[in-house]
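Asks: Annotated signal peptide per TrEMBL: 1-26, in sequence order. Among the features that TrEMBL reports, disulfide bond is placed at Cys37-Cys116, Cys70-Cys75, Cys122-Cys319, Cys200-Cys232. According to TrEMBL, the feature site 'Transition state stabilizer' maps to Arg64. Residues or ranges marked as active site, proton acceptor in TrEMBL: His68. The heme b binding site annotation in TrEMBL covers His193. As annotated by TrEMBL, Ca(2+) 2 binding site applies to Thr194, Thr248, Asp253.
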Amino acid sequence: MAGFSPRKLSFSIIFLGLMTVLRSQAALDVHYYDRTCPEAEKIIRYTVLNASMHDAKVPARILRMFFHDCFIRGCDASVLLDSTPQNQAEKDGPPNISLRAFYVIDDAKTKLESACPKTVSCADIVAIAARDVVAMSGGPFWNVLKGRKDGRISKASETINLPAPTFNVSTLIQSFTKRGLGVKDLVALSGGHTLGFSHCSSFQARLHNFSSVHDIDPTMNPEFAETLKKKCPKPNKNGNAGQFLDSTASTFDNNYYKQLLAGKGVFGSDQALYGDYRTKWMVESFANDQSLFFKEFATSMVKLGNVGVMENGEVRLNCRV
């Protein structure tokens, strides 16, 4: 994993005389915890860094957790809630069964409750942690807007609304549009797949009996397809078998887009971005200019973090309950 280099934040504080009142509790603000929990981001950063040093899979898992939280009911930490006898929660919905690293958020929450009780929401912890895992993996750093509240509703049935690895570009655009995100956000945020791993079940349909005409998805590089077929035979008896989503899976970079240009996208939904005129030019731009990708990814992560922000939620004491 790429080394973590802390970046110094310089905040310009503007004094407006009598108008220096606390902003609305519903409004997201970079400085939201400056007075109430000034060490919040530092606590989260070092909790995530420590976990990542012990488990290299943590960054990809935290980033995926943020996406899956924000796409269902907005960024309200509903993905963290445990199921009860009366309710099956999001984390137990089919697309989320493979989500991991909840313990990292629990650990950060425990430390924050000790430092500043009943102050930092679980939703903000996930948003800050997602930024931190990107930065410590070699990706961009951005200022996270804070002040989210935690939701009280979490339903496994709603995870059907998460974008699937089999989606085409039109379906992906529709899914992102429903959340106020545009085509550029779709292509930029898909670059989050530069970190991560997928089990065979999410892409093996591209490798065996793909259609009545093609056994293998014709958009896939043939040599790459043969490599994947060896890892994911039919039938596949190894539930842990799979493939990293790009060849530098522990480093946040633009290699994901370069692989799409070579026909080596693991998910059908990823490779489709290079096969559609609406998104192809952006894939090419990001493949050729990593700094442009970093800029657009950071911008889109801020937009994603604004989806479904709760005005009337709670600050959970335990992120699972």
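Cβ from N, Cα, C; glycine included.
Neighbours and distances for these, please.
Replies: Its own atom aside, the Cβ of Cys116 (disulfide bond) has 16 Cβ atoms within 10 angstroms in the protein chains shown.
Taking Cβ-Cβ distances under 8 Å and a sequence separation of 6 or more, the neighbours of Arg64 (site 'Transition state stabilizer') in its chain are Leu99, Gly192, Gly196.
Long-range C-beta contacts of Cys70 (disulfide bond), restricted to its own chain and to partners at least six residues apart, with a cutoff below 8 Å, comprise Arg179, Leu304, Gly305, Val307, Gly308.
Under a cutoff of 8 A between CB atoms, and with a sequence separation of 6+ in the same chain, the neighbours of Cys319 (disulfide bond) are Ala77, Leu80, Leu81, Phe102, Ile105, Asp106, Lys109, Cys122, Ile125, Asp150.
Taking a C-beta cut-off of under 8 Å and a sequence gap of six or more, His193 (heme b binding site) has these contacts in its own chain: Leu245, Asp246, Tyr256, Val266, Phe267, Asp270.
For Asp253 (Ca(2+) 2 binding site), applying a Cβ distance below 8 Å and a minimum sequence separation of six or more within one chain yields Gly138, Gly139, Thr194, Gln290.
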Asks: Going by Cα-Cα distance, pick out whichever of the recorded positions Cys37, His68, Cys75, Cys116, Thr248 is nearest to Cys232 (disulfide bond).
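Replies: Result: the closest of the recorded positions to Cys232 (disulfide bond) is Thr248.
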Asks: May I have the list of same-chain residues other than Thr194, Thr248, Asp253 whose Cβ is within 8 Å of the Cβ centroid of the recorded Ca(2+) 2 site, in sequence order?
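Replies: These residues sit around the Ca(2+) 2 site: Gly138, Leu195, Asp246, Ser247, Ala249, Thr251, Phe252, Asn254, Asn255, Tyr256.
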Asks: State the count of C-beta atoms found within 10 angstroms of the C-beta of Cys122 (disulfide bond), not counting that atom itself.
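Replies: Neighbour count, Cβ to Cβ under the 10 Å cut-off: 31.
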Asks: Of the recorded positions Cys37, His68, Cys200, which one has its Cα closest to the Cα of Cys75 (disulfide bond)?
Replies: His68
Asks: Across all protein chains in the structure, which of the disulfide-bonded residues Cys37, Cys75, Cys200, Cys232 has the highest Cβ count within 10 Å?
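Replies: Highest number of other Cβ atoms within 10 Å: Cys75.
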Asks: Given the binding-site residues Thr194, Thr248, which one has the fewest other C-beta atoms within 10 angstroms of its C-beta?
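Replies: Result for the binding-site residues Thr194, Thr248: minimum number of other Cβ atoms within 10 Å at Thr248.
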